Amino acid sequence: MLFEDRQKNRSTGPTLIGFNQTQNEHENTVCPTHPESSDRILKIKEALTKTKILEKCTVLTNFLEIDDADLEVTHDKSMVKDLMESEKKTQEDINSQCEKYDSVFMTENSMKVAKDGVACVRDLTNRIMANEASNGFAVVRPPGHHADSVSPCGFCLFNNVAQAAEEAFFSGAERILIVDLDVHHGHGTQRIFYDDKRVLYFSIHRHEHGLFWPHLPESDFDHIGSGKGLGYNANLALNETGCTDSDYLSIIFHVLLPLATQFDPHFVIISAGFDALLGDPLGGMCLTPDGYSHILYHLKSLAQGRMLVVLEGGYNHQISAVAVQRCVRVLLGYAPFSIELNEAPKESTVDSCVSLVSVLRHHWNCFDYFPSRTSLRLAQWPIVNTKVIYNYDPTTRRADTGEIIQDELASTEFTASDVIPTENMETLIYFNEGDDAHFDLEEDNHPEKPARTRRILKTLRESGVLEKCVDRNCERIATNEEIRLVHTKKMLEHLRTTETMKDEELMEEAEKEFNSIYLTRDTLKVARKAVGAVLQSVDEIFEKDAGQRNALVIVRPPGHHASASKSSGFCIFNNVAVAAKYAQRRHKAKRVLILDWDVHHGNGTQEIFYEDSNVMYMSIHRHDKGNFYPIGEPKDYSDVGEGAGEGMSVNVPFSGVQMGDNEYQMAFQRVIMPIAYQFNPDLVLISAGFDAAVDDPLGEYKVTPETFALMTYQLSSLAGGRIITVLEGGYNLTSISNSAQAVCEVLQNRSMLRRLREEKEQFATKPQKIESSCIKTIREVCAVQQKYWSILKGFQVTPSNYGLDIDDEAYDDDSIDMADQSSSSGSSSSSTRPSHNLEIMDSGPAHAVVPLATCPHLKEVKPLPPAKINARTACSECQIGAEVWTCLTCYKYNCGRFVNEHAMMHHLSSSHPMALSMADLSVWCYPCDSYVHNPALIGAKSAAHESKFGETMPS
C-alpha cells in the first residue's frame, strides 16, 4: 500500500516496546559504576512490569539483522570499519582505541549490542510506518545522538535516530521531525541532517554559552542548517540550570509546536534523553517525569500519531525509569497526570526562545507573531540579548564522568495510581431522543432545530464511531435543586408557566419576554433533560480514575447564552455552567475549566462565573469590535473578570476577516493552553459550538473538523483526561456532524489520526497565512493576561513595554508579509529607518541607539572591490532598489528586512557578518545584533557616500 493510502486509512494499533536483548554485554570495563550501564534498562523493565504497562504493549526482542551497508547510510564506511575491528581485539586494545574518541567505551561485544539497537529502531519504524502499530518506544543502548557520520562520541556508537529516520524515508515518509530532549546537544544527529530539508531537527539542551558538554559553538541558536537545509535545524540552547516544567512547556507552546505544525511531518522521532530530570547527576535541570509525558503528549498530535521514542541519556536510573513509564502511558493513549506550573519561565529561557525565533522567523511564517528582531521600531523585547556568546576554553581539560553510585541518588516510588487499570478506557455518548419536542412553532427552518442532533448521531452511527463508544439515551431530568445551582428561582418558576400555555401564548411570550428564544409546552422538560444528560456525564466521569472516561454530550437546546436569571440566544438553561457547579458540589472538583469555542461569545457562562476564582471561562469567538452577537456584552480581551474572579475570564475576540484553522491553532498555542496549564483544572468542560466551522451560515468562519479535533486533543492533556464536550451552536448540518465526528474520534482514540491539512496545502507549496488582525488580537490578550498568568511573561511584545508611541497599524503590518508591502513602497522604506532612529535617539538615553565601537567580526570586512560601491544599485536577488545593503565581505547587494529580507538571507547562508546600508550608510553586524562604527569601516562608508552624493564624505 502506498504511503498516501496509509495516511488516508490511519487507525489505532498497538504500542510497540523494543528491547535489544544483548544490551548487558556492553559495559564500561574501566569504571563498573559508570552511569551508562545495563542497569538503566533493567530499571525501566521493572517499572513497566510493576505498573502493568508492559501487559498493554506489544513487546519485541527479535529483529531482522542489519549489515554494514545499513549502517553506512548514516555513517562513513571508514567509521564502520574501525568500530567493527573492535570485535577482534583484546579489551586492552579496545580501551586504547576508545581513547581516540570523546567519552566512548566498548567491549568485544559492543558492536553486536549497538547493531541490535539499530535493528530495533529500524524494525519499529517500519511497523509504525506500515500502520501495523500506532507508535513505539525503543528501549535500547548504547544511545546514539552524539555519534555523527565519522565518529562515535559521548557514550554513543551508532546514531539510532538517524537510522530510524532513514528507515522512515524508505517507508515513504517525506518529512521527519526529530525532537531531542536530552540535556546534552545531539550534535551527531544535527551534523548528519544539517543540509537536509527533509528533516527538521529540534533540540532543547543545556548549553550555558558553551560551558556545558559538548562545548560546541554549533550547539547555539544561530546554527539553523545550511544549503537546502537552511532553516531546518533549531537549537533551543538553555543557558541556565534549574529549568522546570514551566520552562519546557513554554518552549513547546511558543516555539516547537508552531514550528512543527507548519513543517507537518509524516513521522516523529523523539531522542528521549532523561538527563534533564530533577535528580539526574549530570543534567542540572528540574524537569519532572510528568513534564516529559506532557511534552510527548503534544508531539503525538503530529504525523497522525506516528511516533517512535528512542532512549538516549538519563543517569538517575530509577527516576529515568519513572519517566519512561509516564511516557509509555501517553503512547498507550492515557492522558498525562496533571502538573503544577507555579512559576514563570526563566528570563534566560525566554531569551533563548526569542533568540531562536529571531533566526528562524525568516524561514517560517508561524513566527509572524514575533516582530522583526533587528527592526528598531519593533525591537521591544524587554529582556532579550541575541548576541552569540561562547565562553568555553577548549584548552580546559574536560572532566571525566567518573563513577556514580545509584543508591546515593534521589529516588521516587510508584503509587497505586501508577498501575494501569485492567478495564479499557471508554468514551461516553449522551443524547436525548425526545429533544424534537422543542422546536420553533412559527418557522420550520429555524437554525436551532431538532435535525441538528439527529444528523450528528446519524453521522456517528454511519461512520462506525458510535459503536466504539458507550452510547446512552439519557432520560435523567435535572432537579430544581440542581438547576438552581446556577439559575434563579424566579427564572425557573417563569419557565414552568409555559408548560400550560397555548401555542399562540407561547409565541407571544417568547417574543415579549425573551431574546432569540422560541418555546413549546415541552421546552422546559427538554431543557431539564439536556442539563440532566450533562450532569450524568459528570457523575460517570468521576466514577472512574481520571482519564478512564471522557464524554460527548449531544443535547439541545444549547446553553452558553443563558444567564443566571434569563434564557437567551436559543439557550434555556446553561448546561455547562450547571455542570461546573455540580462537579464542585458533588465531586469536590476544586477548579473547573470551561473552554467555549462557539463562534458567539458565551456571555451567560461568563456572567455566571465572572467573580468566581475557581471556574475559569475561556472563549475564542467572533467579536468584530463588539458588533457581532451578543452585542453590548463584555467580551473583549480586556474583560478579565472582577473581584475574586479577576484573571479568570480569558477572551480571544477576533475581529475583521474570516478566521480559520491557523488562527484558532495560534490562539491555542499562545493563549489557551499555557494559561490552562497554569490554572491546572480538575475537570474540563468544552462548550462545543460548531458555528465557527466551514460553511456555517451564522458564523461565516472556516475552521475545519480537524482543528476542532486538535483543540479537543490538546485540552485532553488537562485534568488527567477528565473532559466533557457539550454541544452548543452550529447550524450547517453537514459541518456540525463532520466536526462532531472528528471530536468524537479524538475522544475515543485518544489520538489525532486525522491529517491537519491536505497534501496539496503543505507549507512547501502554500505557506500558512496568519491573519494580521488575529496576531493583533492575540498580542492584546496576552499583554493583559500576563498580569495574572506568569507563564506568559516575557513572551509578549507591546509598545508599552518600552513606553514607545507606536501606532497599531504600523505595529501589525511590519511583522507580517513584509515582502508583500515592499514591492510597491518605492524608496520610502529606506528613509523611514534613519528618521525613526533619530526619533528614538532623541527620546533620551533609555532608548538611545549607540553603535558598538568595535566587534570581533570586523576582521571579516574585506577590501573594496575594483568597482568600489554603487549606492544606487538594486538587490541582486529581486532587483528592487529600496533599502539595499551591501555585504562587507563579498560586496553582494541585497535588500533589507522591510523589502524581501535578502540581506538577512545572505548572512544566514554565507555567515558573512556585516552589511552596509545604502540608505543611511550605517553598518549592521548580524551576529552582534547591533550597529557598529569603527575606523575599519570608513573606507566602505566613504565609497558609498561618494557614490550616493557625488562628493567626498565629511571627516
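A Cβ is built for glycine as well, from the same backbone N, Cα and C atoms used for every other residue.
For H146, the entry in Swiss-Prot reads active site, 1. In this structure, H146 (active site, 1) belongs to neither helix nor strand by DSSP; it is coil. All protein chains included, H146 (active site, 1) registers 30 other Cβ atoms within 10 Å of its own Cβ.
Taken from Swiss-Prot, the feature active site, 2 covers H561. The Cβ neighbour count for H561 (active site, 2), using a 10 Å radius and every protein chain shown, is 30.
The region 'Disordered' annotation in Swiss-Prot covers 815-840.
Feature annotation from Swiss-Prot assigns Zn(2+) 1 binding site to C855, H857, C925, C928; the stated evidence is sequence analysis. Annotation note: H857 (Zn(2+) 1 binding site) sits in a coil segment as assigned by DSSP. Every protein chain shown contributes to the tally, and the Cβ of H857 (Zn(2+) 1 binding site) ends up with 19 other Cβ atoms within 10 Å.
Taken from Swiss-Prot, the feature Zn(2+) 2 binding site applies to C875, C878, C895, H902. There are 29 other Cβ atoms within 10 Å of the Cβ belonging to C895 (Zn(2+) 2 binding site).
Sequence-distant neighbours of C890 (Zn(2+) 3 binding site) (same chain, six or more apart, CB under 8 Å from its CB) are K862, S910, H912, listed in sequence order. The feature Zn(2+) 3 binding site is assigned by Swiss-Prot to C887, C890, H906, H912, with sequence analysis given as support.
For the pair C925 (Zn(2+) 1 binding site) and C878 (Zn(2+) 2 binding site), the Cα-Cα distance reads 23 Å.
Checked against H857 (Zn(2+) 1 binding site), the binding-site residues C875, C878, C887, H902 differ in C-alpha distance, with C887 being the nearest. Each residue in L888, T889, Y891, K892, N894, H907, S910, A915 lies on the same chain as C887, C890, H906, H912 and has a C-beta within 8 Å of the C-beta centroid of that Zn(2+) 3 site, without being one of the site residues.
C875 (Zn(2+) 2 binding site) sits 11 Å from H906 (Zn(2+) 3 binding site), taking the C-alpha atoms as the reference points. Reported as a whole number, the C-alpha separation between H906 (Zn(2+) 3 binding site) and C895 (Zn(2+) 2 binding site) equals 10 Å.
In the three-state DSSP scheme, H902 (Zn(2+) 2 binding site) falls into the helix class.
Of all the binding-site residues listed here (C855, C878, C887), the one with the fewest other CB atoms within 10 A of its own CB is C878. When each of the binding-site residues C875, C928 is scored by how many other Cβ atoms sit within 10 Å of its Cβ, C928 comes out lowest. Taking the C-alpha positions, the distance from H146 (active site, 1) to H561 (active site, 2) comes to 56 Å.
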